Structures are given as structure tokens and as C-alpha cells.
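J.: I have a structure I would like to understand better, so I am pasting it below and will then ask my questions one at a time.
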Amino acid sequence: MRALWVLGLCCVLLTFGSVRADDEVDVDGTVEEDLGKSREGSRTDDEVVQREEEAIQLDGLNASQIRELREKSEKFAFQAEVNRMMKLIINSLYKNKEIFLRELISNASDALDKIRLISLTDENALAGNEELTVKIKCDKEKNLLHVTDTGVGMTREELVKNLGTIAKSGTSEFLNKMTEAQEDGQSTSELIGQFGVGFYSAFLVADKVIVTSKHNNDTQHIWESDSNEFSVIADPRGNTLGRGTTITLVLKEEASDYLELDTIKNLVKKYSQFINFPIYVWSSKTETVEEPAEEEEAAKEDKEESDDEAAVEEEEDEKKPKTKKVEKTVWDWELMNDIKPIWQRPSKEVEEDEYKAFYKSFSKESDDPMAYIHFTAEGEVTFKSILFVPTSAPRGLFDEYGSKKSDYIKLYVRRVFITDDFHDMMPKYLNFVKGVVDSDDLPLNVSRETLQQHKLLKVIRKKLVRKTLDMIKKIADEKYNDTFWKEFGTNIKLGVIEDHSNRTRLAKLLRFQSSHHPSDMTSLDQYVERMKEKQDKIYFMAGASRKEAESSPFVERLLKKGYEVIYLTEPVDEYCIQALPEFDGKRFQNVAKEGVKFDESEKSKESREAVEKEFEPLLNWMKDKALKDKIEKAVVSQRLTESPCALVASQYGWSGNMERIMKAQAYQTGKDISTNYYASQKKTFEINPRHPLIRDMLRRVKEDEDDKTVSDLAVVLFETATLRSGYLLPDTKAYGDRIERMLRLSLNIDPDAKVEEEPEEEPEETTEDTAEDTEQDEEEEMDAGTDEEEQETAEKSTAEKDEL
């Protein structure tokens with residue numbers, strides 16, 4: 001019997017051990033398997049729902065409470081039109097997803113503005129929470145992003161009404177107009193700006209959006225949506241906010257970058273740096289702190305010191321709590337928008353140092369601005385602005401001029417950054433101006449990319465240009481000439497060419513070198529003040545350098561008579577002056593073209609006519625025979641005093657400087673009709689009747705018109721005049737040959753004398769002999785080496801035989 005009991009007990013123990021072993025196998029298998037690794041079909045729907053609920057639980061709510069909330073919450077369906085709108089927003093309107101944070105912060109700022117206004121008349125409005133802030137917190141573990149404000153909050157009815165529909169009325173009309181605008185290729189930004197749809201940009205990055213809100217007149221409620229439907233329920237946690245709203249985003253997998261602190265901080269500083277209310281981000285930093293040393297370390301040190309009794313007695317009185325330095329990660333709210341929008345204050349209240357500090361922070365420059373202007377524009381559109389002129393031109397200022405977008409002007413709407421991606425907020429020639437523009441009149445459009453289409457921007461642009469030119473005009477003359485003009489002079493010249501409406505204002509800012517002073521720059525106003533009594537034109541000469549311009553034959557008589565001549569030494573200068581029809585009632589005269597006339601008396605006129613009659617044979621001979629295909633006509637010059645002749649362009653032709661510039665254009669293909677027309681224009685050949693060469697030519701022509709030497713001399717004079725007048729020769733070889741012929745004649749060398757031929761060189765035999773000797777020596781050396789090797793081999797073989 002006892003044996004049976006023992007046997008039964010053993011069976012029970014074996015059975016129990018087997019069950020425990022099976023359980024251990026199952027548990028081990030469950031632990032090792034990664035349940036979140038994949039979403040296999042083997043899972044039940046309840047398991048999936050449970051895992052999602054655990055993933056998106058809010059602070060203070062566990063998974064079961066979340067599930068209970070969803071079961072009891074009141075469900076609402078978006079209207080069909082709202083669904084269309086949602087798809088439009090998510091898929092097409094927002095090209096840049098990062099603006100979701102800008103929109104949420106902007107809405108938070110509006111809510112804070114509302115509660116602040118209410119508090120002015122209701123002293124209890126801020127009782128729930130006195131601080132007015134926006135706080136942003138990233139939760140990487142739960143994949144959540146929280147944006148909390150202490151604004152006015154929303155009641156249950158407002159949650160349904162404001163967040164359940166995109167527009168309270170007119171949604172159908174809006175969609176119809178948007179469809180029509182898209183079909184016509186027009187901008188939809190003006191239409192979108194009429195509807196508050198910024199909140200829905202959250203669905204660009206979130207699968208679900210949860211809004212927790214507390215209004216002073218209602219209990220705290222939770223609104224939740226996945227963009228298909230939404231639900232609202234009272235918050236079982238009670239009043240956790242005090243007052244305000246928390247928007248929680250359950251981010252999409254591809255939007256996980258928005259949980260990075262650096263990303264969030266950069267977006268806040270980019271878009272919301274100048275919001276009126278403080279914006280905080282929950283962030284970490286490493287700090288070094290001192291902590292009491294551990295007891296073990298202190299005991300160890302005491303044990304080591306106890307070896308010396310005297311030392312212990314001396315140090316007992318000096319013992320203090322021992323500390324050590326430890327690095328700790330500390331989490332706290334970090335303020336993001338510490339730079340204040342000084343443009344919101346009256347300019348009289350802002351100190352110069354504040355402008356300089358703001359410029360350095362705003363533009364990331366280390367130097368102070370050269371000039372600035374702070375103003376408020378009113379009228380068709382009201383906006384505030386601060387504009388700056390930098391001390392030096394930005395690098396690559398003219399790279400891709402006209403096609404490159406300028407990002408120096410930043411547009412804000414109610415202190416919310418909208419964009420700096422403009423083609424035409426400022427004209428191209430003012431692409432160096434930096435500043436901010438803040439308007440309350442512009443709509444916070446959904447599609448900021450098309451904002452530049454807005455009609456009010458044209459008004460803003462016009463006022464910005466006027467204020468910029470006023471700012472530049474006020475720069476002191478010394479500072480303007482020495483600094484501004486060196487850095488931005490080309491921009492002003494381009495402005496004269498491009499900006500017709502402001503051409504007169506820009507002309508007053510022009511500076512050029514002139515014959516009045518060897519180095520100082522002069523303005524057109526100063527030139528006009530120094531003009532001679534009967535002078536009715538502003539004279540200018542264009543050249544590659546000042547030296548070339550002032551040594552040109554065209555300015556000889558002008559300078560001799562005391563007229564001031566402006567020197568144009570930059571490639572854009574002549575274009576600039578051509579774009580100016582006149583200045584202060586005085587027209588411009590290019591001294592390298594026809595039209596230069598001097599006031600002369602009757603006696604001078606009679607003398608000139610007599611000279612023209614005297615040289616008529618030479619002039620006709622040049623025009624009809626010697627230079628028949630090269631010039632339009634030949635005339636006696638009034639502008640030459642030292643040079644024998646010059647080549648003068650017609651009033652609408654190219655000067656030598658302009659022709660050189662046009663031919664240097666990289667895109668010049670020769671197919672442009674107007675270019676070919678100007679390039680093919682014949683010039684007027686002017687001669688100096690007092691020059692000895694010209695007088696001798698007249699004598700020779702009268703003696704023999706068919707003299708080849710005289711014909712060659714005429715052509716050489718023409719080609720020399722072409723070069724001295726700034727033009728290029730089409731055939732430089734022919735010009736060189738003619739110069740050589742003239743030199744031969746001047747040295748009494750026969751023009752047909754040939755160049756002596758070089759003597760033929762005999763072949764050098766010594767080189768070949770030396771090569772043969774060298775080869776023979778090499779062969780003898782090789783033979784000698786071979787004999788020595790054979791002898792060594794024979795001796796070695798004999799020695800081996802002897803050993804054997």
C-alpha cells in the first residue's frame with residue numbers, strides 16, 4: 001500500500017513538472033517574439049486597437065480609459081464638401097509641410113489675443129491661469145507632438161462648430177470659385193485667405209489630431225479626428241489646463257523628424273520669432289553640478305588618512321562635506337522668441353543701438369548697417385517696415401541677376417512669418433536691401449507660394465522702393481561716394497535702365513568721374529551747376545578706362561574750350577545714360593557721335609566755311625575713291641585740335657566703346673537683326689584741317705589723285721582713326737602690311753624687296769660617325785665580357801673534375 005502511495009505521488013510530481021515545463025516554453029516564446037515588429041493578419045482587430053490606444057494615450061489617461069472615452073464619445077461626420085476641402089488642403093495647397101507648426105502657433109497667438117482683450121473688461125478672465133504663453137513638447141516614445149496655449153479656449157459647442165467645419169458658410173461657393181480659378185490658371189490665394197483653414201494643416205504630418213480645450217464658461221472637452229470623422233466628449237480628468245488648448249498630433253511615420261528638438265526650434269525661430277507672446281520648447285541641456293561625495297569614497301579616504309595619527313588630529317577640525325562635479329541632463333522650458341519686433345514701436349522710441357542689434361540678429365551680419373529707415377505706411381494697405389542698407393555688397397550680388405530670388409525682405413502678417421521667397425517684393429536692382437515688412441491687412445493665406453500674386457503686394461512694393469530711395473538719398477555725401485557708391489553704384493545704374501517710374505529719383509543718385517577733378521566723383525546736379533552760360537548739353541565720353549577716355553581725340557576741343565566732360569568707364573554706364581532722355585532739362589551728348597556743335601561768331605562761321613571749301617577736293621576724293629566702301633562721308637571736324645582725324649558714329653549708331661561691349665557679349669550669335677544693323681552702320685570720317693598730314697594729303701591729291709602712296713596713306717589714317725576712336729579693325733593683318741609698306745617708303749626701301757632666304761644647312765657627318773664608333777665599342781665590351789664568363793666556367797669545370 002505504501003508503495004502504491006509513493007508511486008502515485010511520483011506520477012503527480014511528474015505531471016506537474018511537465019505542465020510547468022510547457023508553461024515555461026510558452027512564456028519564453030512570447031517574450032522573445034517582437035509583437036510590434038510587423039502587423040501580421042494573425043492578430044485580432046481588438047489587439048490592434050488596443051496597441052493603438054496604448055500608443056496615443058494622453059497624460060493621465062490609460063488605455064482602458066481611452067477605449068471607454070471613444071465608446072461614449074459623440075461621433076460627427078464631416079460633410080462631403082468638407083471632405084473635398086480636406087483632400088485639397090492635404091494634397092495640393094501646402095507644398096511645404098513644415099508650415100503646420102506656423103499655423104498652430106498663429107492660432108494659439110490669436111487665442112491669447114482674445115483672452116487678453118477679454119481680461120481688459122473682465123478681471124476674472126485670467127483667474128484659471130494668469131500666464132499667457134505657448135508651449136511645445138515633443139514625446140518621441142509615444143510619437144506625439146503637443147502644442148499648448150493658455151488662450152481663451154473653446155467650449156464643446158465651439159469645438160464642434162469651429163473644428164468640425166472648415167468654413168461656417170459659403171463652403172460650396174468657395175469650392176466652386178477655387179475650381180474655376182484653377183481651371184483658368186489663376187491664383188487661389190485670395191479665395192483661400194477668406195477661410196480659416198490653417199488648423200487642418202496639422203493633417204499634413206499627423207494621422208490623428210486630438211484637441212483638449214478648456215473655456216472659462218464650460219468644462220474641459222476632448223476633440224479627436226483622423227480627417228475622416230471627429231468626436232467630442234467631456235474630459236474625465238477634469239480641468240487639467242486651467243484655461244486654454246492643447247493640440248496633440250499623432251505623427252505619421254514619415255513626419256518623425258518633427259519630434260527632433262533642433263527641427264522644432266528652427267521652425268519656431270523661422271516662422272514665429274516675433275509673435276507677441278512667449279513661446280517655450282521643452283528641451284534639455286547638460287549642466288555641471290556639485291554633489292556630496294558618496295559615503296564609500298569618504299570612508300575610503302578616512303581609512304587611508306588614519307595611518308598617520310598626527311595628520312588625523314590636525315584635519316578633524318577642517319573636515320567639510322566633500323563634493324564632486326557631475327554632469328546632468330536637465331529638462332526645462334526654453335524661450336524661443338527672445339528678439340522683440342522693434343518695428344511695432346514708434347521710431348522715436350527706438351534707440352540707434354537697438355536698430356544695430358536687431359539688424360545683426362536678423363541678418364546674421366557682424367557689421368553695423370550703413371543706413372536704415374523705420375516707417376509706417378498707410379493708405380490702401382497699412383504696414384510697418386524697417387529697411388537696412390548693408391555696409392558691403394552681399395557675395396554673388398549679380399550672379400543670376402534677375403532669375404535668382406531675393407530672400408532679404410521677410411514678409412510677416414501680424415508678426416507671423418509668411419515668406420521671404422519672392423521674385424518681385426523689391427525690384428532686381430535693389431536686391432541688396434534687407435528688412436522686414438509686417439502687415440495686418442494681408443490675409444493669412446493657405447498657399448503662401450502664390451502670395452506674390454496678391455494685388456496689395458504691388459502697393460507695398462511701390463512704397464518700399466520710394467522709402468529705400470529716400471534712405472539712400474539721406475546718406476551723407478562723403479559716406480555715399482566713398483562707401484555706398486563703390487559697393488552699390490552698379491545697382492543704381494541698373495535701376496535707371498529698368499525702373500521707368502523712379503528714373504528721375506535714381507538719376508540724382510548717379511555718380512561719375514569727370515574732367516573737373518582727377519579723382520573725385522561728381523553728381524549730375526553738380527555738373528549742371530558748373531555748366532557754361534550757353535551750354536545746353538551734358539557731354540560724356542565712354543571708354544574702357546579714364547585714361548582712355550580723357551586721351552580720346554573726341555574730347556580735345558571740348559577740354560581746350562573749358563567744357564566739363566563726364567567719363568563713363570564701366571560697361572553699364574553708356575546703357576544707363578542712353579536710358580536717360582535728359583536731366584534737369586539738359587540733354588546728354590555723346591562726344592563720340594555726331595551733333596557736337598559750338599557757339600560761334602559770324603567771323604568764325606565764315607572762316608569755317610572757307611576751310612570746308614578749301615578741303616572739298618580731299619573730302620570728295622576720300623568719300624568717292626580712297627575710302628569709298630568704308631565711310632558714310634568725310635567732313636571737316638570742329639572737335640579735333642591735335643589728332644589728324646577721327647571716326648564718328650551717327651546719332652543712332654554705336655560708339656567705339658559700345659561696339660566693343662556688344663561684340664564681347666557671350667550670347668552674340670550674329671542673328672539679331674538690330675545688332676547686325678548697328679554693327680554695319682558706316683561712320684563719318686572727320687579730318688583736322690590744321691594737321692600737317694592732312695594738309696600734305698590735300699596737296700598730293702590736287703597733284704595726282706591716282707597716287708598709290710596717297711591712297712595707302714588715306715587707308716592707314718582711316719584704320720588708325722578707327723583704333724583711336726575705340727573701334728576694332730576687321731582685318732589687322734592688312735593694317736600691319738600697310739604700316740610696313742609706309743615704313744619701307746619712309747626708309748627709301750623698295751616696297752617689293754624680298755626677304756633674304758636662309759642658307760641651306762649641310763648634313764653633319766660627325767654625328768653619324770660618332771654613333772657608329774659608339775656602337776662598335778659597345779659590341780667589343782660585350783664580346784670581352786662573354787670571353788671572361790666562358791673562361792670562368794671552364795676553370796670551374798676543371799676544378800670539379802679534379803675533386804672527383
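Even glycines carry a Cβ here, placed using N, Cα and C.
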J.: With ASN107, ASP149, ASN162 listed by Swiss-Prot as binding ATP, identify the candidate in PHE76, PHE100, PHE199 belonging to that site.
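T.: Record source Swiss-Prot; matching candidate: PHE199.
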J.: Scan 193-196, 353-356, 709-712, 801-804 against Swiss-Prot and say which stretch is down as motif 'Prevents secretion from ER'.
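T.: It is 801-804 that Swiss-Prot annotates as motif 'Prevents secretion from ER'.
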J.: How many Å separate the Cα atoms of ASN217 (N-linked glycosylation site) and ASN162 (ATP binding site)?
T.: 16
J.: Can you tell me the three-state DSSP label for ASN481 (N-linked glycosylation site)?
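T.: DSSP call for ASN481 (N-linked glycosylation site): helix.
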J.: Taking the Cα atoms as reference points, how far is ASP149 (ATP binding site) from ASN107 (N-linked glycosylation site) in Å?
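T.: Distance between the two Cα atoms comes out at 9 Å.
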J.: When you measure from the Cβ of ASP149 (ATP binding site), how many other Cβ atoms are you left with inside 10 Å?
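T.: ASP149 (ATP binding site) is surrounded by 29 other Cβ atoms within 10 Å.
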J.: Which of these glycosylation sites is closest to ASN162 (ATP binding site) if you go by CA atoms: ASN107, ASN481, ASN502?
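T.: The answer is ASN107.
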J.: May I ask you to report the DSSP-based helix, strand or coil state of ASN502 (N-linked glycosylation site)?
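T.: Its secondary structure by DSSP: coil.
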J.: Hey, what's the Cβ neighbour count for ASN217 (N-linked glycosylation site) at 10 Å?
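T.: So the Cβ neighbour count for ASN217 (N-linked glycosylation site) comes to 9.
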J.: Please report the three-state DSSP label of ASP149 (ATP binding site).
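T.: DSSP call for ASP149 (ATP binding site): strand.
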